[in-house]
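Database features (TrEMBL):
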- Cys472: active site, nucleophile (ACT_SITE)
- Asp372, Asp418: S-adenosyl-L-methionine binding site (BINDING)
- 255-520: domain 'SAM-dependent MTase RsmB/NOP-type' (DOMAIN)
- 58-78: transmembrane segment (TRANSMEM)
Amino acid sequence: MSIFINKQIKCRQRANILIFLKQRLLFIKNKIIYRKYLIQNYIIIFLNKFSQNENIQLKIKIIIILYNIILNSINLFLHQCFYDFFLIKYLFFYFLQNLEFKQKSQNSFFIFQSIKKINNNNKNVKINIKTQNNKSYLQISFQLGNRILRKKTLASPIDQMLKNYLKQNKSIGSSDRKLVADNIYKMVRNKTYLDTITFKPISWEKRLETMYTERFKTMQENTSLLPQKLQYSLKFIILYQDIVNSHGEKKAFEICKSQMFKAPLTIRVNPLKIERDQLLQKWQETHKLGVRATSHSPYGIKFTTTKSENLFEMIEYNQGYFEIQDEASQLVALEVKCSPGQKILDYCAGSGGKSLAFAHLMEGKGQLYLHDIRNQVLIEAKKRFKKAGIQNVQFHNQESLNEKKQLLKNKFDWILCDVPCTGTGTLRRNPDLKYKYNKDRLKYFVDLQKGIFKEAIEYLNLDNGKIAYSTCSILNEENQFQIEHFCEQFNLKVVEKPFQSLTDQNSSMDGFFCAVLESKNKK
């Protein structure tokens, strides 16, 4: 009997809790509707008073009233009404800064039309997130994205962290991996934008969730009232001003706007194994892939659609017919105009991407030296050269190259010095870099570049050799200013006008810089 009574009590308790929750939700909903109505009415009053009365004190009083209402409504407008709140707040500051602004009725009409459109779109908002093993991919994206944004070290860019995470979580399928990756990149690209429109009390999970609502899409279509810095997630970012200093305000906006979109996929054909036209025809006819020849590189193929096969699993990749490489990177490599029989040094070789791009010009004659301080990337380079069928190559870390320094000093016809940099030309691929950028980071790389170039030039044949200096940066401090320093410090001259690629809406390439130098005393 006592057991039966206890069950009845528990049932009543649960029922009471459910009733309370339902009432509470209804109360909150009604309160939100009331607050929205109240704020919109105060805005109408404010606009009417603004247009009819020239009394400054009255204007200030209305502004204070409006501002207090907005502040009191913050908690209620989180997530559910974030766009209304943001638009109202921005409207307030907009009029505060423009008290003499004309055509008030026209602007207010546009604003309320925007609010009306947003409210209509908000009626049936659904968020559809896939799950696996009861774990939301939204949560996975949040966890990794949060880790990336908090990471302030110089190493481990976003693509590498994503690769390592997915490698450790093999239960995530291939199609879902793409979903997670897209979530991460979209979240990081729009970080400042999301920070502003959703406000700090909301977790990153909610901010990420925001991107899947119709509200977010509508916001992106109605951004004419928003500052451009905010649209491109550049507000409070130090990097933006340095890009302006290097290229001017107009070009800086074009560059930064392009960083908000996904970079195209480009590959470089290995001419030792197949012609570009042959591979293009095969992919278009057999694999039905959307591909076309690149505009500038004679060996590049660009994917024109987002849908593509897993390139690493393709037979052509495993046979060494192509490598994944951005067109700008291909063009930098082709600045090394080497010939058969010459001695070439790739001083910051990494895994050998650029060396592979010009190695075929040597026709198997001469000697190619790859140097890097990281043993792991040299191991990867060996695999890539073996797959490409190139044999006239040596691999050296810092220790082994120093052992041969006296023997190799002033012996190289060409040196490629593709130095580490801030990576500001690759923000589409590594959007987290714009949040990690600061003056100390820039100085670190500028000093490092000077040290590396000083080491590398000791191996150059000063009588007839050339050295190519390149970065994936778009900042003058790492490019033009460095060239001026090298010319003065080492008695060099620029062979021809430096090649620079700036990422903008008209370019599908990453941002790169390359200048070829030679001795002023060259014979």
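A Cβ is built for glycine as well, from the same backbone N, Cα and C atoms used for every other residue.
Those TrEMBL annotations? Automatic predictions, nothing curated.
Owing to the predicted nature of the structure, the values given are computational and were not obtained by experimental measurement.
This view paints the features noted in TrEMBL onto the structure.
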residue	record	DSSP (3 states)
Asp372	S-adenosyl-L-methionine binding site	coil
Asp418	S-adenosyl-L-methionine binding site	strand
Cys472	active site, nucleophile	coil
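In this structure, the binding-site residues Asp372, Asp418 were compared by how many other Cβ atoms lie within 10 Å of their Cβ, and the smallest count belongs to Asp372.
With a cut-off of 8 Å between CB atoms and residues at least 6 apart in sequence, the same chain places Ala328, Ser329, Cys421, Gly423, Thr424, Gly425, Thr426, Asp510, Gly511, Phe512, Phe513 near Cys472 (active site, nucleophile), listed in sequence order.
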